[in-house]
Amino acid sequence: MVETISKDMEEAWLKELTFGAFDPEFSETSQFPSVHQMASKDESLALGMVSLMLHFHWTWVGLVITAGQNGFRFLSDVRGEMDKNGVCVAFVKMIENAIASYLWSPKLQDFLSRETSPVNVVIIYYDTDSLNDINYQVGVHLVTWRVWVTNTQWHAELSGRNFILDSFHGSLVFTHHYEEISGFNEFIQTATPFKYPEDTFLTLYWFRNFRCSFSDSDCSLKDCTPNASLAWLPANRFDTAMSEGSYNAYNAVYLVAYALQEMLLQQGEMQLIGSGDTTVFSPWQLIFGGFDPEFSENSQFPSVHQMASKDESLALGMVSSMLHFHWTWVGLVITAGQNGFRFLSDVRGEMDKNGVCVAFVKMIKNAIASYLWSPKLQDFLSRETSPVNVVIIYYDTDSLNDINYQVRVHLVTWRVWVTNTQWHAELSGRNFILDSFHESLVFTHHYEEISGFDEFIQTATPFKYPEDTFLTLYWFRNFRCSFSDSDCSLKDCTPNASLAWLPANRFDTAMSEGSYNAYNAVYLVAYSLQEMLLQQGEMQLMGSGDTTVFFLWQLHPFLKDLQFNSPTGEQVNLDKANKVGTKYDILNLWNFPEGVRLRVKVGGFSPQAPLGQQLSVSEEMIEWAAGITETPRSVCSESCSSGFRKSPQEGKPACCFDCTPCPENEIANETDKEQCMKCPDHQYANTQQNHCIEKSVTFLTFEDPMGKALAGTALSLTVLTAAVLGLFVKHRDTPIVKANNRNLSYILLISLIFCFLCSLLFVGRPNTATCILQQTTFGVVFTVAVSTVLAKTVTVVLAFKVTAPGRRMRQLLVSGTPNYIIPICCLIQLTLCGVWMGTNPPYIDTDAHSEHGHIIIVCNKGSLTAFYCVLGYLGSLALVSFTVAFLARNLPDTFNEAKFLTFSMLVFCSVWVTFLPVYHSTKVGKVMVAMEVFILASGAGLLACIFAPKCYIILLREDRLSLPKFKDTIYTRSKNPS
């Protein structure tokens, strides 16, 4: 069906205006009824040239003519006129076509150079746009004695300063006459790239001829020659004269405008398409290149339809690949323009969502600017720091060869290039295994395999399709062919040669996306035409014979509404609203020596798949750069391991950070944690700070070395005190025991025993009873001990102050008044303890912070105020005892305890004054140890200072125990006063 309809469509049913050279082929209205030519006929060209020969009396003339219907027609005309007028043909050389002229031009110039000198005039008829190749080859030999007579198609190369010696200097060119167009010269003088920024041709000319440079930021022109104009350029740089083609195009525009006006006047109405005041009469158009969101607006472009699928998921797909490979530091190289800026917005949005940072952004203005600016681009990429190993390139033109070449010069082989399907890297060269783009990942639209395409590629040859000059050129260059001297046809080629033999750097046999879309477009038009014929039931006949001609606009309603399944099984439609994002194939470029390059599918991306399943990648199939055995890394900062948190670097993106260790007792059990997590109170952080460990419950036990030492000391002091008490009881009738109130000595010794024993309450697992007893027992027994010392001191003072019987002090001493000091002082302390226990008594508590890794069971004092009141009262009592003892220090010292009491209280007060700062600066877990040490130290001080001298006399100086000796001592001292 497609073949039949295509044959009908070939009958020129599209209206077309040509403004190139006149072609007699298209003058046949029966064959090309819809093709109209603006150019005038060349039927008098041969007569004009021969007339010129006769005028100059040139009768020996050579002919160089391009082969083809036009060339042979001109050869027939010019030989007829020459025969009529007696002008002889010296030689005739036919040029097959433009490609053959390029390949055959050395032979041509050699032939012309060998011709005899009388052949000084050569007529050249050329019907293509350029003769630069022949011009260059002939110009090498400086055949300056020839006169070239040619037609208007001749466009000799004008570059270079010394082309006055060029082979074609003095040529005579026949060109069609046309009138001067008003305003054209003014347009040429005022046309600048600043006035027409979308014209890349002007941008290129200004850069090359007016000393401009490109801005690094947006590639705009700057620093150009002021007030520059194209009219300033010499003809070898820019010819300001209007060409014949431009003149015909000018007339064609007016022709269409007047025809449109005439149609509107005759029809009396306009077909309004779009919105606002826009009136559109353009035919429909199918675009099979890359998808352009601009054309998706129905109101603005109702007749433009795109075969390509939307690229709305391209940014998401690329960022998904970044996340898969853990690339968080990525550069962007994007072509400027609506598509480029739209992609930049999309990709930055996706990168921000997913924590991927932009290392740099470089915008390429356009294809021409990229060519001029690419050295700067490659220098920039080469200067980037090594962590920027991944670059996304979005390019929406047909080539990136310039940037590819410039970057490849520096062999930036450590980079991974992630690019879109528009990427067409230069494939030439044999040893491009070190090519900069060896490890590229290319996102290309997924499409199904077309049946028969591979067979077509394998069988396509220039002998099967002789009109395809592309195949002719490829066969000549790749299959050792030569050209026949007679008709420039190929000969002596490699037998059974096929395009499939060529490596990818010579010819890529894979179908491109544009070709796939064109394939679907052909089927779409064919099905639409079939649908139209079936619905209308008749065809509009125009012209003569069996030729069937359709107006272009008649097909549009069927095109836009048609849906069908292509031979590959893909659903094809032009509904812009239902154009959904396509699937992508991810290709990896493999380079091998001798120019072998493969595009290997290594994964895919489907935006319609469930979240988390959209991307699929086979990492084992990816070929990275030479020397790289694992997935490349691209990060601004290396990941923070567990135990560290990320600390942002000032002024840099979020991906750039320092790794800071977690604070004490905080952990980070994953990499790249933003914040550390604090361990619960019952747990603590391990050394690596990546895990919380249960704390062990601890307290001062009798099994601990410290507990054993303290308990042993307490018991030893208790036994020692009990022994002293027993010694005193045994020698209770001796004067030294009787002195200073024997009963008070017994009370003091007993209280010291309890003092030493109460320290044992601070060892072992605390409970409610021990917590209460620790504080109250300590307070009360020490109050008894200190008050006893105070009572003994008062007794000494009273004893030595009595001078006469009957005095009040003697009454106090005889009545035992000092003995009441003990119960009174103890009663006050008991009252304080009672208030403490009644309001906020001590209780069991835990301390999880003092010792790393341990929970200490302690006794919380409850009311600190009450604790310090008890301690303060005890201190006050000790201070009073010290003061009284200090005042009695100079009394006679035989059996006098005044000095010993003074010294003992000095030691006691010193111990407890030292205790206070140590107590406050010691961790809670060590308080019990400190408390017990000071209890033992203060008790031992009292025991040693008061009772050690007496024990010394009792045990070692028994001679001083009798009363006569005591009296003799007193008498001796009275005789010898000190």
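Residue numbers in this text run from 1 along the chain shown.
Yeah, the Cβs are placed from backbone N, Cα and C, and that goes for glycine too.
Predicted, not measured: the structure shown is a model, and the values here were computed from it.
In TrEMBL this protein carries:
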- 706-970: domain 'G-protein coupled receptors family 3 profile' (DOMAIN)
- 709-729: transmembrane segment (TRANSMEM)
- 744-764: transmembrane segment (TRANSMEM)
- 776-800: transmembrane segment (TRANSMEM)
- 820-839: transmembrane segment (TRANSMEM)
- 865-888: transmembrane segment (TRANSMEM)
- 900-921: transmembrane segment (TRANSMEM)
- 933-955: transmembrane segment (TRANSMEM)
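Where the transmembrane segment (865-888) meets the stretches 744-764, 776-800, 820-839, 933-955, the count of C-beta pairs under 8 angstroms peaks at 776-800. For the transmembrane segment (820-839), the residues of the chain that approach it from at least six positions outside its boundaries are 744, 747, 772, 775-776, 779-780, 783-784, 786-788, 790-791, 794, 862-863, 866-867, 869-870, 873-874, 877, judged by C-beta separation under 8 angstroms. Summarising model confidence by region, the domain 'G-protein coupled receptors family 3 profile' (706-970) averages a pLDDT of 77. With a cut-off of 8 Å between Cβ atoms, the residues of this chain six or more beyond the transmembrane segment (744-764) that come close are 699-702, 707, 710-711, 714-715, 717-718, 721-722, 724-725, 728-729, 737, 770, 773-774, 777-778, 781-782, 784-785, 788-789, 791-792, 795, 818-819, 822, 928-929, 931-932, 935-936, 938-939, 942-943, 946-947. Packing against the transmembrane segment (776-800) from elsewhere in the chain are residues 740-741, 744-745, 747-748, 751-752, 754-755, 758, 761, 809, 812-813, 818-819, 821-822, 824-826, 828-830, 832-833, 836-837, 870-871, 873-874, 877-878, 880-881, 884-885, 887-888, 891-892, 896-898, 901, 904-905, 908, 931, 935, 938-939, 942, 946: each is 6 or more residues past its ends and has a CB under 8 Å from a CB in it.
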